[in-house]
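Colleague: Encoded as structure tokens, here's the structure I'll be asking about.
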């Protein structure tokens, strides 16, 4: 009755409880998603890494010690692979490309390394007594179509004498040498003033007070050889194939390559030589076209040939000793000195400049484009400086950049330009090194005639500042920062790091923990399966095995090539820049492979392409449905969406695997009981224990809830408890008197227990009552379960006995019926047999009586 009263008082609570139970049951059957690890997915991230070089150095002269040291590179692949990536859009930025920085550092290191063993010209920082050597030219040479070789201006070369220390340190001797005027500067002192009336003037080398001068070794050549930059294993090079790509922004035509195309490290200013060409139209590239400080790179679509010549002035190289075991190689000229020059086709140049002007006018919305010579600066900037046959040319380009174009001229297809543009050039032997401040190089003279033919494939321009509302824009040739030269070739490349480990939600959950014996051969991918980067996640996941087979084999092949290149340098006292990079590439490949395998081992996924886990998928990472993820998204899109949570997911997988290994160890320790209780699964026992704990916890929770509800109900009825302690009725003993004399009627046997003071006593009393309550309920539950089992056993035994007796009865009935059937059959057969025998006997008798009947008939007839 008490229970029924509580149910009636809290009927609405029962309804809410039933509703809550239904909601929990509905949620419990909802679809659960689990984290699954995939190895070999086509995912990448932007990265910076050490690139190594590949070059076909065997096709060039083997005897020459080329400064680029391409003999130390790995051989180029005769069949380079390029994998198209469909449905992939990638962002490129040529102005923030680490490949440019790396190439710049490599070229600087190569120059420094090749010049390190060469002679230092510090002893030459002495006073030079110089006179003019040869050259009687008086014309200004402004005729742009005159191709005859012109004489060098008077004073262009100096015949200098100076004192040098001999092998014996306390003795000096005077020697003579020829220097170009650009390589020496006059000394303004008293001695020069005293000799002003003579033909001698005091000079010094131009770099003596600012730079350390090193003479290039005699056998060093500067002819550029194409260098291919290659990514190590675990990395890839993405290439933009958009023909109109300006170097920054998204590119929708992306492919992946192992190495770049052959890049010639041509060191030049104003004009870019022997590079690649734009495939369709001229491309203008600038970090900010409206900022006149930024350099503008013009990528031509058609090359313009430039032919440069230094006439044979009967130049010979003479060796001048400047110290113990050191020699200065100077120039000796017999006869007149003719000037170096370069020739460019006027028609080809004007056509190119016309297209450049039109392109600049369209981009800047200007009606007039003006080209002017440089305003001033170092000779390397004001002239077109480059290396030709070992000599460093400085050519005046004022005849190339001295024109004005407007909408009427740049749209004119019939330009009157004939003949050849001739650029006067000067030669320097003391070169300001472009690698940095404070370095200079002395280039020994080259004997004989020098000719070189190059292709102009780009321009370096700067824009003049001024009034913004002007309709005219003035551009001048520039350069000097060699990074711009490399950018014009590397604008379409970027290096990415392959992330072969992918995580995604699936319905599969790891059920059985198995220890793998060994890991399969999976390495860091560098090319191969990136062709599937544009496919959906579901399409890629079914082909992971085939994709992963290429990985380790690619690493091994690349490692062998690098090792052969390193072994080829063992005869050298030190490795070149390329050798160091090859060693770094080998280390990077191994590190990348071991890192991935370590993660797979920590997660318990060694040797698996697809590995399920016990980590539930959290919708806060991504709330997309499975169908939307696997059917509509690519792996790279998915990776970018969950990139912020990969670290958290990795740690959860690791912690889950650690816990799983602990559980496995515990299970192995309990496995000895399986022989005794093999009809039960150990995991089931753990499940039973969990259910038992849940039931006990539920009972305790219900006890607390009902206690609180009872207290609230009494408060609502006007009863205020003395304390937070709930007073439970305690039954009186049978030997205690009940009530007092004044009380009448039947009294109950309940009384209130005493109150306790203090928090500890109150807590202990409540805890004891709660434990007693749980014990009593559990005891009642066990008794009820025992009675149920006993009742079910008794009823079951009675049912079995009834079924057994019923079986015996029906068996007996079937036996009797079968016997009766046999008896009836036997009787029927016997009776039928008797009748047949009787009929046969009667028939036989009838046959036997036929003669008698015939005789009797005849007798009657005769009577």
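Residue positions begin at 1 at the first shown residue.
Just so it is clear, glycine is given a Cβ too, placed from its N, Cα and C backbone atoms.
Pulled from Swiss-Prot, these are the listed features:
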- 1-31: signal peptide (SIGNAL)
- 53-73: disulfide bond (DISULFID)
- 87: N-linked glycosylation site (CARBOHYD)
- 118-217: disulfide bond (DISULFID)
- 125-208: disulfide bond (DISULFID)
- 129: N-linked glycosylation site (CARBOHYD)
- 130-159: region 'V1' (REGION)
- 130-160: disulfide bond (DISULFID)
- 142: N-linked glycosylation site (CARBOHYD)
- 160-208: region 'V2' (REGION)
- 163: N-linked glycosylation site (CARBOHYD)
- 194: N-linked glycosylation site (CARBOHYD)
- 230-259: disulfide bond (DISULFID)
- 240-251: disulfide bond (DISULFID)
- 246: N-linked glycosylation site (CARBOHYD)
- 301: N-linked glycosylation site (CARBOHYD)
- 307: N-linked glycosylation site (CARBOHYD)
- 308-341: region 'V3' (REGION)
- 308-342: disulfide bond (DISULFID)
- 350: N-linked glycosylation site (CARBOHYD)
- 365: N-linked glycosylation site (CARBOHYD)
- 374-384: region 'CD4-binding loop' (REGION)
- 388-452: disulfide bond (DISULFID)
- 395-425: region 'V4' (REGION)
- 395-425: disulfide bond (DISULFID)
- 396: N-linked glycosylation site (CARBOHYD)
- 467-478: region 'V5' (REGION)
- 469: N-linked glycosylation site (CARBOHYD)
- 470-478: region 'V5' (REGION)
- 519-539: region 'Fusion peptide' (REGION)
- 581-599: region 'Immunosuppression' (REGION)
- 605-611: disulfide bond (DISULFID)
- 640-674: coiled coil (COILED)
- 669-690: region 'MPER' (REGION)
- 692-712: transmembrane segment (TRANSMEM)
- 713-863: topological domain 'Cytoplasmic' (TOPO_DOM)
- 719-722: motif 'YXXL motif' (MOTIF)
- 729-748: region 'Disordered' (REGION)
- 771: S-palmitoyl cysteine (LIPID)
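Can you tell me where each of these features sits in this structure?
Modeller: Mapped onto three states, the DSSP output places residue 53 (disulfide bond) in strand.
Its Cβ placed at the centre, residue 217 (disulfide bond) has 15 other Cβ atoms within 10 Å. Secondary structure at residue 217 (disulfide bond), as computed by DSSP, is coil.
Within 10 Å of the Cβ of residue 208 (disulfide bond) there are 18 other Cβ atoms, across all protein chains.
Annotation for residue 160 (disulfide bond): spatial neighbours 128, 129, 130, 131, 176, 177, 178, 179, 184, 203, criterion Cβ-Cβ under 8 Å with sequence separation of six or more.
Look at residue 163 (N-linked glycosylation site): DSSP puts it in a strand.
Proximity of residue 259 (disulfide bond) to non-local residues of its own chain (separation of 6 or more, Cβ distance below 8 Å) is seen for 54, 76, 77, 80, 228, 229, 230, 231, 237, given in sequence order.
Other Cβ atoms within 10 Å of the Cβ of residue 251 (disulfide bond) number 20 in total over all chains.
Of all the Cβ atoms in the protein chains shown, 17 others lie within 10 Å of the Cβ of residue 246 (N-linked glycosylation site).
The Cβ of residue 301 (N-linked glycosylation site) has 15 other Cβ atoms within 10 Å, all protein chains considered.
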Colleague: For the C-alpha pair, I'd like the distance in angstrom between residue 342 (disulfide bond) and residue 307 (N-linked glycosylation site), rounded off.
Modeller: 5
Colleague: Restricting attention to the region 'V1' (130-159), give the mean pLDDT.
Modeller: 60
Colleague: By a 10 A CB contact count over all chains shown, which of the glycosylation sites listed here is most packed: 129, 396?
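Modeller: Within the set of glycosylation sites, the most crowded position is 129.
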Colleague: Return the count of C-beta atoms lying within 10 angstroms of the C-beta of residue 53 (disulfide bond), excluding that atom itself.
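Modeller: Counting Cβ neighbours of residue 53 (disulfide bond) within 10 Å gives 27.
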Colleague: Report, as numbers and ranges, which residues of the same chain sit near the region 'CD4-binding loop' (374-384): CB under 8 Å and 6 or more residues beyond its ends.
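Modeller: For the region 'CD4-binding loop' (374-384), the far contacts come to 182, 268-271, 342, 393-397, 423, 426, 428, 432, 434, 476-480.
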Colleague: Taking only same-chain residues 6+ apart in sequence, whose CB is under 8 Å from that of residue 163 (N-linked glycosylation site), what do you get?
Modeller: 126, 172, 173, 174, 175
Colleague: Under DSSP, is residue 208 (disulfide bond) part of a helix or a strand, or is it coil?
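Modeller: Where residue 208 (disulfide bond) sits, the three-state DSSP reduction gives coil.
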